[in-house]
Amino acid sequence: MTPADAQDADGARSREALAPTLAAPTPTPASVSRPSIAPDDTLPPGEILGARYRIVELVGRGGQGDVYRADDLEVEGHVVALKLMHHAARSDDEKASAMRELRMLAAVSHPTIVQFKDSGWYGARLWFVMPWLEGRTLEQAGRISRAEARRVFESVAAGVAALHAKGMRHQDIKPSNIFLARVDGFEDAMPVLLDLGVAARGDDAPIAGSPDYFAPEVAAMWPTGGDAVIGPEADVYALALALRNALDPDSAPTLDAFSRESLDQRAKEPVAPPSGRDLAYLKPCFERWLAIEPERRPTAAALLRELAVLTAPEDRAAERARTLRRIAPWAAGLVLTIGWFAWWGHGELLAHEKAAARAEEEEREAELRAHRASEEAELARDAARDALERAASSEEEADDRERQARAAMARVRAAQRALDRAQGDRDRLGDAIEEMQRALNAAEAARESERRARETERAESERALRAAREGFERERRELTDQRDRALVAITESEVRGRELEHRTQQAEALANQAQARAQQAEARANELDARIADLEARLRRAERAAAGAGGGEAQEEAMQAPGDLGAEPTIELPH
């Protein structure tokens, strides 16, 4: 297939999808002087309306008008959808009313609401121009996902809210009136709400719409109307029902507009929410959106906000994933930081322990040196005393002893200085040891603080994990409870269905018995009527005979005539 063929095929499908919707009922305008073609006739290709729009082809016919594809002669290549109403305006008032309604609809500016671009008169028949859309209707799309439903129905709800803000009701919201238009440059189709032909303003407009999407208050008044006021809540009901059927088209409810029983059922019984495991959690929402009482339903603007619930499970999962992604680098960094501090603290502790060991060793060496210096000084003092004693005994040896004494004293002073230096070294080593001990204590305190911080962080992480697990467990329990409730409801429904079927069979059997007995009674009644007629005939003959023959014989025959009928008939009535 060539690209041109594909484009023609897409255009044909779009025309088929769009035509029934655009051809739906539209307000009828008033008269003008130009004659018009008959309602059953179609405009020929090439006919120009409004000196601007050239008819290309008829794409659809509806109860109130025909839809044509037309070329805009003022804009080259511009294609539009033109709707021509069947019936001519009957009066100037009708014409003014139609134009006023058309201007009112055109005043609603919203991307989701189909826009009227131009209008005019063909004889006494109104025509108006709308954009030509390529795509398909929501009804043709079939079942859609919750995410797609949220995207589509948020746009439609916004458009309906814009209508309601102008004091208008659409009155015919349904999947076939929600068009998914393809727009160049956009991957997703753009929802457009079509068919404003039966849109109404105020409370005095007649009720209208498609029976399958009647709100309960509309079904209760159909078709004669009533005293109740139809408000924008009916549009919200139809929109919610369209959403329900888009999510679960296989169980879409229907309504017979010609059956009072079907209408009463819609007016009094709520529509079942969509079925399916992934849709069960939406039941409370649909119970409120499709409530029998209009005041329980949200406004269109509130429904727009509430439609986020359609993707709530995915949104929660995405939020959890984002949280985990945010926490993961922090947790990894925390683990690395704790590990580094643990390694650094352990290294610092080992370094301090080694320094303390070295300081203790140096202190022991200094004490040993001081002890040796003290011993040497003691020996020097002993030698000096010996020298002095020898000097006293010998003058000759005095000088030698003096020199020896001086040398000994010098050694004593040197030993004392060495002892002082050793003592100073010992004091300095003691200060160094104290400083190292303080550093060791500080390192130990830092390690303890880090340990407490790690324990606190671990406790917080455990609490966060417990909270996450509890949240997951709550969700699991909720889903399990919802599933169990759904199973119980299904089981109860099946039991009630079987009971109803059994009772129906019993009722049918009783009805058949009653019918048979009625037939028997009717047959016996017919037999009795025949016998009575025969008796009356004999009585008449007896009377005539009595009148002709006279006397007792005729009377006797008249009295004996009833006896010829035999025993008096009896009728056994059915119990």
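The backbone N, Cα and C atoms fix where each Cβ goes, and this holds for glycine too.
Per TrEMBL, the listed range annotated as region 'Disordered' is 496-526 (candidates: 62-92, 496-526). DSSP labels the residues of the compositional bias 'Basic and acidic residues' (445-481) in these numbers: 37 helix, 0 strand, 0 coil. Helix, strand and coil counts under DSSP for the compositional bias 'Low complexity' (506-523) come to 18 helix, 0 strand, 0 coil.
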